[in-house]
């Protein structure tokens, strides 16, 4: 049975951890879905790990839709969420409705994710959810604000910053978000947020007290040339693939592949 947004909330109530990962193509999405991942996010992180951009900022709505269509063809069980990229929702609720509507209509995804929880974004979330578009929030370190942050530092360390993030979490929950991504914040702040909101919190670099965890699949598979300190590679595919290609190349050059026909 396919995972739903309501099911995630039920799992929070039961204390059942939520497993989430990113995917950007058909093959990886199929593997994740078959492995029983609960939530698959087509993140705008694809700009950095798949398209080669330095940040997520250049990613377009068309690029998100293109990759999300491929993922949708593979996913049968997991809940599929797609990021709204930079400047496709910040201008107005109407812009957000148009962008989110395109994603749901053209890709078949069940929900969208957007960053920040300030007053304007909370109102946008309220508008989206009021017309039936499920929204996942994302607070703490929000990559679309990389230049404002001056990089990717941990957020919420100062008391005023911690209070602001908590306020954003409460506002997004009140606005109707079905879940929150908490990125790169202190574990005690993530714990406080998790205890105070009725919707699931999905941590990425936010400690062990969240209702679930998410990582970029390239980091999990050891494909990234750099990964954040909170990521954990479970295999080193970067090395494995490089070695496999070198062996293939050597066999071709020595005419060992393909094998000549037997006499």
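In case you wondered, yes, glycine gets a Cβ from its N, Cα and C as well.
According to Swiss-Prot, the feature Mg(2+) binding site maps to 44, 83, 115. Residues annotated as 3-methyl-2-oxobutanoate binding site in Swiss-Prot, with sequence analysis given as evidence: 44, 45, 83, 113. Look at Swiss-Prot and you will find 183 tagged as active site, proton acceptor, backed by sequence analysis.
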Restricting to the recorded positions 45, 113, 183, which ones have a CA within 10 Å of the CA of residue 83 (Mg(2+) binding site)? 45, 113
Within 8 Å of the centroid of the Cβ atoms of 44, 83, 115, which other residues of that chain place their own Cβ, given that this set defines the recorded Mg(2+) site? 43, 45, 56, 59, 84, 85, 86, 113, 114, 138, 143, 144
Does anything in the same chain, at least 6 positions from the residue listed as 'active site, proton acceptor', have a Cβ under 8 Å from its Cβ, and if so what? 138, 139, 140, 141, 142, 143, 155, 203, 204, 205, 206
Out of 44, 83, 115, which of the binding-site residues has the smallest number of neighbouring Cβ atoms within 10 Å? 115
Quick one: pull the CA-CA distance for residue 113 (3-methyl-2-oxobutanoate binding site) versus residue 44 (Mg(2+) binding site), whole Å only. 10
Give me the Cα-Cα distance between residue 45 (3-methyl-2-oxobutanoate binding site) and residue 115 (Mg(2+) binding site), rounded to a whole Å. 13
Cβ contacts within 10 Å for residue 113 (3-methyl-2-oxobutanoate binding site), all chains included, total 24
